[in-house]
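Structure, as structure tokens:
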């Protein structure tokens, strides 16, 4: 632009004697300025930003999680490691008891979650002198490992060339005889370790929760330790005094924003919710429906709906929803009164073993009130180890003697524990009320009580129909004990009181999903036979909804047959309207209902199976039907299995052995699934 102006001026201005320069001073100035800007821009674009030098701070890097249990044992001088596979906390509790026992026998033990460590290191355990691995393995569902032992189970299945010949081991299995695959996980670990060359130093222990799991464990444990002493040539110290695992710290000036108020994992996770949601990070689902299902009777059967909108939670029909209940505030207050403690004092219980992965028995810092409300199980009869540890605080020598006797494996001790604690359904509050001389420090009690566990319910809805809703069907537990007290089920009474709005606020339930193998067949054309009395109907409500949805999509759907049982038609025929509507629409091709107490002779679901045995046998034997059983494991599930064996024997022309094998083969093939409980 400057050049053009100069040129124009040369042609329009009058001629002068001396010739003017081609560029004026202003032109040169402007040109220089433009060139300077271009050069500066180019140089600054190319020149890297100088990196300022900072003095290096000697701050430690975030500690990586220690996955080598060998290195940890060497560092801490431990020679016994107790791994646990635990779903409800009992396996972990037993592992902690065994690891504490070691100290009484001149050894040092640690409890360990197999999910947190590299289990291939078992081959290196022989590097530690007089070392021993103990496995407390619970069986979950239909012979499955617990969630935290799944990776360990997979590893044991995959390895064939591992040499575990230097490994000393023993196994205590936790199970229930009413289930088809009794103690399957413990038996598998015991057998597999032997196959890989490990040395079993004591017999496999079998704990039966249908009988007396605590008694089984105590009896096994009392024979186990003398055998360990003999094997390693050590002697018991004879020190039977209580061994504290945690020390108390009271906080007086702590910022309350740093105090746990019921969260399972991350502090303030209930205020700022972040997916994914699991057992350490549950989702607070608003309650949108809470209604009583039964029309009459003294029981309370309820249908609760949880809203999972925006949570990114996904579920399938047949999955379980886990909820974290809280204890009754009246019980918590009474405990505080009896022990003479200010429940709102903020405390931490810190592990005396600084190297332990488990720094606290529950999230800390927190108040005694929060611990007893959200984190500790105060409703179940306490186990013998709790009585043993608390005995020292009984001022009456007779009370002290009785508590120690109940903790032993002697026949008299077992009988006393069974009658006075278990038979009488005495929880810790009842024991303190009935034993006035027993007044333990509240911090030691909090250390000993087991964790309050999540409760699992079969989901009573289909995500195909209700993607943002999860339904729960449950019966409220409430009964009178032999001592005249009223005991209430923790979770069902807590759920019952979860009103849709409570003082203008939405009620919420901390929850997460546990995947299940209880699945509808992949092919919708396969017939489905569902057998579930009472609240055992829960997963089948989801199945029926899903089969109806498939029909609406124009899919060909096989026969859908339901066998449901209740007491009285006019009292507890739950979901009657929904079931009859499904039958009317042809979603349910057969609705068979047994009313056990409306008839002179009691009729149950297993009787209905035999009433339609010809059609049932055709569906199973010829049409590739899938059978589903949900409800009571102890009686109903066994009776149903027997009825199906009878039908196979009669209509299939089989011997009893063949009929039994036939039904078992259906289970193996995934065509006979059970979702049962005791």
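Glycine too: its Cβ is placed from the backbone N, Cα and C atoms.
TrEMBL: automatically predicted annotations, no manual curation.
The FMN binding site annotation in TrEMBL covers 86-91, 138-141, 174-183, 209. Residues near residue 86 (FMN binding site) in space but far in sequence (CB under 8 A, at least 6 apart, same chain), listed by position: 92, 93, 95, 136, 138, 146, 148.
Note on residue 299 (NADP(+) binding site): other Cβ atoms within 10 Å of its Cβ, all shown chains, come to 16. Annotated NADP(+) binding site per TrEMBL: 299, 535, 596, 597, 602, 603, 604, 605, 606, 639, in sequence order.
Taken from TrEMBL, the feature FAD binding site covers 455, 456, 457, 458, 473, 474, 475, 479, 489, 490, 491, 492, 677. Note: residue 489 (FAD binding site) has non-local neighbours 476, 477, 478, i.e. same-chain residues 6+ apart with C-beta under 8 A of its own C-beta.
Per TrEMBL, the feature domain 'Flavodoxin-like' maps to 80-225.
Residues annotated as domain 'FAD-binding FR-type' in TrEMBL: 280-521. Mean model confidence of the domain 'FAD-binding FR-type' (280-521) amounts to 96 (pLDDT, 0 to 100 scale).
Taken from TrEMBL, the feature transmembrane segment covers 22-43.
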- Task: Quick one: of the binding-site residues 299, 455, 491, 606, which has its CA closest to the CA of residue 89 (FMN binding site)?
- Result: 455
- Item | Whole-number Å value for how far residue 299 (NADP(+) binding site) lies from residue 473 (FAD binding site) (Cα to Cα) | 13
- Among 299, 602, 606, which are recorded as binding-site residues, the nearest neighbour of residue 457 (FAD binding site) by Cα: 299
- Starting from the Cβ of residue 455 (FAD binding site), draw a 10 Å sphere and report how many other Cβ atoms land inside it. 21
- Query: residue 455 (FAD binding site) to residue 604 (NADP(+) binding site): how many Å between their Cα atoms?
  - Reply: 27
- Message: Over all pairs within 299, 535, 596, 597, 602, 603, 604, 605, 606, 639, the annotated NADP(+) binders, what is the largest Cα to Cα distance, rounded to whole Å?
- Response: 25
- Whole-Å Cα distance, residue 475 (FAD binding site) to residue 141 (FMN binding site), is 21
- Counting distance between Cα atoms, which of the binding-site residues 491, 604, 606, 677 is nearest residue 182 (FMN binding site)? 677
